[in-house]
């Protein structure tokens, strides 16, 4: 029953019980039903003994939801992990809903899984099951994002979009990031500084992240600062709803067979939400405006155009020679087979545009809120950072890549923020074949959890881990760190492709707003250490707010 989830099995059992009721005598119905339920419960129990049978330490788990009840009671994975590591050491087993998960802080094991044995762990588990339904493939942006797709499709898409995120290309959009930073400065000044109101950091940096992506990603003004009820902000928030995402994820985990039937025969896609169609419409309009513009490649210096160039319309005639009989719509929308690995389909192009928006709002915006909050709570660090910024920039109004390279302490502040508050508290790799690794048997479909937050808060690697100390990432101290102890952007071939873009955004905006404002705690600022939630992404339990003083 490998392709059946616990929910699927329960439905099948109910069907058999109804058949027993219909076609057997009463006593036979009772006996057969009890036997069937006992067999099913035994299967559930046996499934939850997977790690114990191998001698891998693991806490007793709920038959139906594994350790998810405990994870929720701890407000997320990080507190649960802390207790498990304290009890079992560096490696233990857990059951994530219906899946076997090996959780390890063993750096050698992590390196083996993410780098040496990458062929056996080539993908992350996304919660989005594979589908062969062409109608779903052709319209689902979420299923075509580089963070979700697997195998040859992942290699092809990643290879095509990587050139858009090189340092050389991204340096050119630093002025655009600075423009968005200045919009943020004006927004803070007129709305919060003048009125001496507390600044809601997540909200303003979410707006900033979307403004940057609008300008540098699509050469568009999303009006996130001028329109308080921006539709872009509202629709992006839909993807950031952890409760809804968890419900969808649980359904696909417990009912994979039922979900595949719904997809195959009814083209039903649980993730086909209005927000996805909203962004598809925006990018489709941009694409149509540019595809017939012969000057588009020179006119638009943005990431979307760089991705459009990867579609390679200039070589469409060559493609048509080997795809005779296909319509233009099929050529644009169908996934191109690997013999055309230099091409991206239109839906793949749009999907990478969407991940820019989601990742920008959820991750970059989140890190920035923590960074400014920690600066407000550590005034000596903020003063030292401002001194470096003023020393490097002097009287210059414009910030450049050369300026950023000289701001060593700024880079350390961002890295220390990422160490303390990584946007994703954990990552994972999915095993694609049965194998034995360090004496532990893993089966196809098993997960390995990499506890990023726990590693980056381990006293063995970072003394006084709850203290905000950017000096950890300065010169000698930085060189003494094992690279495997800093995993905020992932590790190996599946690391974050937008890492440099995110760093440029954070460096530019922090430099400019710390130069302009002095941030300090307000009456409603939560005290340190912060209480965190980590069901899917890392979030503060209380809203982070600060006051700002204009230094002009």
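Heads up, the Cβ atoms here are built off N, Cα and C, so glycines get one too.
Per TrEMBL, these features apply:
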type	residues	note
BINDING	496	heme binding site
TRANSMEM	12-42	transmembrane segment
TRANSMEM	246-266	transmembrane segment
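Around the Cβ of residue 496 (heme binding site), the number of neighbouring Cβ atoms within 10 Å comes to 19.
Under the DSSP three-state reduction, the residue listed as 'heme binding site' is assigned to coil, being neither helix nor strand. Proximity of distant same-chain residues to the transmembrane segment (12-42), defined by a Cβ-Cβ separation under 8 Å and at least 6 residues beyond the stretch ends, is recorded for 4, 63.
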